[in-house]
């Protein structure tokens, strides 16, 4: 099963975030709790954790891209 | 848009943990200052299942230029809020709870009686939980402060927020001397209650001005002092002048300890209620 990883709304005012670092790349194994990427918003840089075990199979953005809330950043194939 | 924040302003975010605490608060019709003030530590604190409750609604009657909490016409006081908050403390299993509020200059007692009811409810349902209240200045009125003092929380915190010289710009509806007086009065009236205050830095203050605030707070026998980086919530808020380095925060901490605070927390992401349990724990060990 594929899980779509979207840009989270990190604060009530947030409309978009800067994808500063991709900590996982295409093909990387991912465990629950691993940091997938870092997002800079108005106040801080947030390390976004994976909620699933699996494999990252697709990335929709590159480092430095500005991503709107709820836009899909990545796909994770969830381990059965 | 390029990267603009320094490396040391990095926090963790776990959606599952944030959603869990957020849903509990929504179910019990409770507000947290974590969410309303867009606190950078929300992810870390909610992951540890801790939060700072904000009572008396989510709309403030003042409009401080650093704060993300909405201002305007404040809501009716919810009489069920004290018990709901006490139940949330129980559900989360908190050993130490921090309760703050919006400023309610529209209420006759500034919300003091509601603070007292909340303290009493928390104690009734959670007798082993230590209670810290982070109060507005209650306009410095002794009778109103007495209501909170008589409810006997373990810690009374009132934030001085910034150096004296920046009050007109940062807290135009507050008064530096009045805030100091609040801390002084609480300590004189109830020496056993731990007093606490804190400031934000990065608003253009000098080291000497920071040390002057420390001296002024020590003169009124304040026990705990916190220092954190001001982070601008939006372009409509007061301008951030600089990102203070972790080394400078360490220097502030060292100076504060040497000056005589019993506990001082100083760091870029320190907020007045961040790791409050650890701060108040120092005093429990002394007892």
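FYI, residue positions are counted from 1 along the chain as it appears here.
In case you wondered, yes, glycine gets a Cβ from its N, Cα and C as well.
Features as listed in TrEMBL:
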- B:34, B:39, B:45, B:273: [4Fe-4S] cluster 1 binding site (BINDING)
- B:60, B:64, B:67: [4Fe-4S] cluster 2 binding site (BINDING)
- B:46-262: domain 'Radical SAM core' (DOMAIN)
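Location within the structure of each feature annotated in TrEMBL.
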residue: B:34; record: [4Fe-4S] cluster 1 binding site; DSSP class: helix
residue: B:39; record: [4Fe-4S] cluster 1 binding site; DSSP class: coil
residue: B:45; record: [4Fe-4S] cluster 1 binding site; DSSP class: helix
residue: B:60; record: [4Fe-4S] cluster 2 binding site; DSSP class: strand
residue: B:67; record: [4Fe-4S] cluster 2 binding site; DSSP class: coil
residue: B:273; record: [4Fe-4S] cluster 1 binding site; DSSP class: coil
Cα-nearest neighbour of residue B:34 ([4Fe-4S] cluster 1 binding site) within the listed binding-site residues, B:60, B:64, B:67: B:67
Length of the line joining the Cα atoms of residue B:64 ([4Fe-4S] cluster 2 binding site) and residue B:45 ([4Fe-4S] cluster 1 binding site), in Å: 25
Which of B:34, B:67, all binding-site residues, has a Cβ with the fewest other Cβ atoms inside 10 Å: B:67
In the chain carrying residue B:273 ([4Fe-4S] cluster 1 binding site), residues 6 or more apart in sequence that have Cβ under 8 angstroms from it: B:33, B:52, B:98, B:100, B:132, B:134, B:157
Distance [Cα-Cα, Å, rounded] between residue B:45 ([4Fe-4S] cluster 1 binding site) and residue B:67 ([4Fe-4S] cluster 2 binding site): 20
Cβ-based isolation winner (fewest other Cβ atoms within 10 Å) among the binding-site residues B:39, B:60, B:64: B:64
Neighbouring C-beta atoms (10 Å sphere around the C-beta of residue B:45 ([4Fe-4S] cluster 1 binding site)): 22
Chain A, Cβ under 8 Å: which of the binding-site residues B:34, B:60, B:64, B:67, B:273 qualify: none
Length of the line joining the Cα atoms of residue B:39 ([4Fe-4S] cluster 1 binding site) and residue B:67 ([4Fe-4S] cluster 2 binding site), in Å: 10
